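What TrEMBL records for B:18-227 is domain 'MacB-like periplasmic core'. Marked as transmembrane segment by TrEMBL: B:20-39, B:255-280, B:300-324, B:344-370. The domain 'ABC3 transporter permease C-terminal' annotation in TrEMBL covers B:259-379.
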Amino acid sequence: MTAPNHANGPVVLVQDVCKEYRRNDMVLTVLHHMNLELAAGDFMALMGPSGSGKSTLLNLIAGLDVPTSGHIQVCGEDLSTASQSTLARWRARHVGFIFQMYNLIPVLTAYENVELPLTLTPLNRRQRKAQVQTALDIVGLADRMDHFPRQLSGGQEQRVSIARAIATDPTLIVADEPTGDLDTASSTEILDLMKRLNEDFGKTIVMVTHDPRAAAYAKRTLHLEDGRLVGDTDVANAETIA
Amino acid sequence: MIPLKYNIRSLRVRWATTLLTSLAIGVVVFASVLTFGMIDGIEHALRMSGDQEDLIVMRQGADSEMTSNVQPTVARELVNLQGVATSEDGSPMASREFITILLNPRRNGAGTTNVILRGLDPVGRQLRPHFKIVEGRDIEAGVNEAITTRAIAERFENLGLGESFLVNNVSFTVVGLFEADGSSAESEVWTDLRDLTTAQRYEGAISVVNLRVPDEEDRREIVDRVRGDEQFKLKVVPEVEFFEGQKSSTIAIKVVAYLIAGFLTIGAMFASANTMYAAVSSRGREIGTLRAVGFPRRAILMSFLLESLVLCLLGGVLGCLGTLPLNGLSGGTQNLVTFSEITFSFRFGPAVLLQGMTLALAMGLIGGILPAIRAIRLEITNALRER
C-alpha cells in the first residue's frame, strides 16, 4: 500500500454542485449549490438526517452519479462531464467502496471477492494473488480466504469488503454507513481499521454515517440538512466552520 | 471480464430453477434432434442407394421404377452393351428387375401400407452397397422364396423369417434377412425375377435394368446411345441422380420439422428469458456492486449473456444425450415419390447434434439478450439499494 499522490491539490473538489431528480413534472432538488474541498489523507464523515443529501453527495464524489450542474473533480478527473465508461474505468483505478450491507458476491469466496476489482487491472494472476493476500492480511482475515460470505460473521464480511476496497490501492475510499448493520464490538473493529487505513496508509476516506461515535473517528465532519451544508467540523484542527 | 465462475456458481445456487429450465430446453432440443436425426436417416438411406458407377435404364417418361417397363429384347441388348462390367464368373454386371407393390398389414395393427417387392437377377445383389445376408439364407430361383431386412420383418405381418405372403394367390416364403448399408434397398422385399413375373402373370416383364459401368467415358457413351435411339424409347439415369430425385420426398417432412423446431425454440427462448429475468431482478445489488467497482456495462452484458448460454447449452447437452440411446433405431415413413414404405435408422451424427446445439445456442443468445440489457440499464445507485 502506498501513500496518495495528490499532494499538489485537493483530492476532492466540489464546486457549486446541484443535484436534481425529476419525476413526472416534479423536480426534487437534493443538493443545493454545494462547495467542498477535501485534502489528500483526510478522513471526512458526512452526517445529517435521512434525505439530507449525504448519500447523494457520496455517490457524486465516488463517480456513481453525475451532478445536474456544477463541477466535481476527484483525483484529477472532472467527473461532471465524464461518460459512463470513463467513470467505470476511473472508479476501478481510484475508488474503493465499503457498503452498509457489505455487498460481497455471495457465490465467490473471500479471496475471489477481494480479487474481483483486481481483474480490471493489468496485473497477472501471481501479482493479483500477492495484492489479495496483502489486503486480507491488513484486515486480519488471511486465514478465511476460502470462506464464502455466508460462512462469515457480519464484522468479518465487512472486513472482507474493506479488503476488496483497498486491494487496488485506491486514493479514495468511500463508505456508506459502514457500521450501520453491525454490533458495537464489530463496529469498533471496523472503525479502528478505517482509522488505520487513513493514518498508516494515507487513504483519503469519505464516510456517510448516522452514528456520532463513528463520526468521531473522522478528522472532519460535514453536516447536511435539506441538501445544504450546515456545519463543517475539523476535529484535527479543532475548528468549526458555519 | 467478470469471471465465468460467478455465473456457473450462480446457476448452481439456483439449482432447482436451473435444472427445470435446462430440462425444458433439453426437451425441445431432444425433439428437434430426433426430427433432424430422422431426416438425416431418410436422406442417408437414399444417398447410400446410389453408386457412382451405376446406371438405371427406364422407360422415357417414367417417373419411378414402378411406372417403367423395358422390352425383354431391349433389356438383353442393354446387358451386353460395351463398357458394362463383368462379375467374377464372367457374366455382365447388369440386373434386370421387376418392381411391384405389396399391400401388406403392419404388425402393430396400424393398417396396411405399400412395400416395394422387387424381382431381380442374382447379380442384382452385387449392385447394392455391401449386400449381405445376416440371418437365414439367400433365395433359390424357381421355388418362390423371398428375402427382406430386419426392419421390414419387424414392422410387417407375414414378412418375418419363415413367414409367407401372397402375390396374386401365389405364396412366397421369407428365407433370409439382408443388410445393404442402410440404403433404400433395406426398405424392400426381394425375390427372383422370374418367380415374381410368373406369379404376377407378366412373364418376361422388366421394369428397369441396372448397369454397372466403371468407366466414365463408357457411361457417357451408353447414355448418349440409349437417349439417341428412337427405337428404345428409354432413358438412362445415373443411380446417384435417381435417388437424389427421391429426396424430394423428404422436403415436406423437412419443412414441417424445421417449422416445429422453430416454434419450439421460440417457446424455449421464453423459458430461458424468464429465468434470466428472474436472475437479473434477484441480483440487482450484485450488478450494482460490480458496476461500482468498475466493471463496464459491456462486461455485465457479456456476463449475463454467458450465463444464459451456459444454461441453454446445459439443456442442449441434456437433449442431445437423451437422443443417443435412440441412435440407429429404425422407423418408417412413406416415400412420397414411390408411395411406399421407406425404412430408415435415426442418425444422430455430429452434424445433427450440432444443429441441436445451435438451437440451444440461439435460445441462450436470444433469450438472454433482453434480461442482459435490463441488467445494464439499471442505475448503479438504485441497484445498490436493492435487497
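Glycine too: its Cβ is placed from the backbone N, Cα and C atoms.
Those TrEMBL annotations? Automatic predictions, nothing curated.
What you see is a predicted model, and the numbers here were worked out from it, not measured in a lab.
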Distal contacts, the transmembrane segment (B:255-280) - CB-CB under 8 A, six or more residues away: 10, 14, 17-18, 21, 24-25, 28, 31-32, 35-36, 38-39, 287, 304, 307-308, 311-312, 315, 359, 362-364, 366-368, 370-372, 374-375
Distant-in-sequence neighbours of the transmembrane segment (B:344-370), which means Cβ under 8 A and at least six residues beyond its ends: 25, 28-29, 32-34, 36-38, 40-42, 44-45, 151, 182, 187, 261, 265, 268-273, 276-277, 304-305, 307-313, 315-317, 319-320, 323-324, 326-333
Secondary structure composition of the domain 'ABC3 transporter permease C-terminal' (B:259-379) [DSSP: H/G/I, E/B, coil]: 91 helix, 12 strand, 18 coil
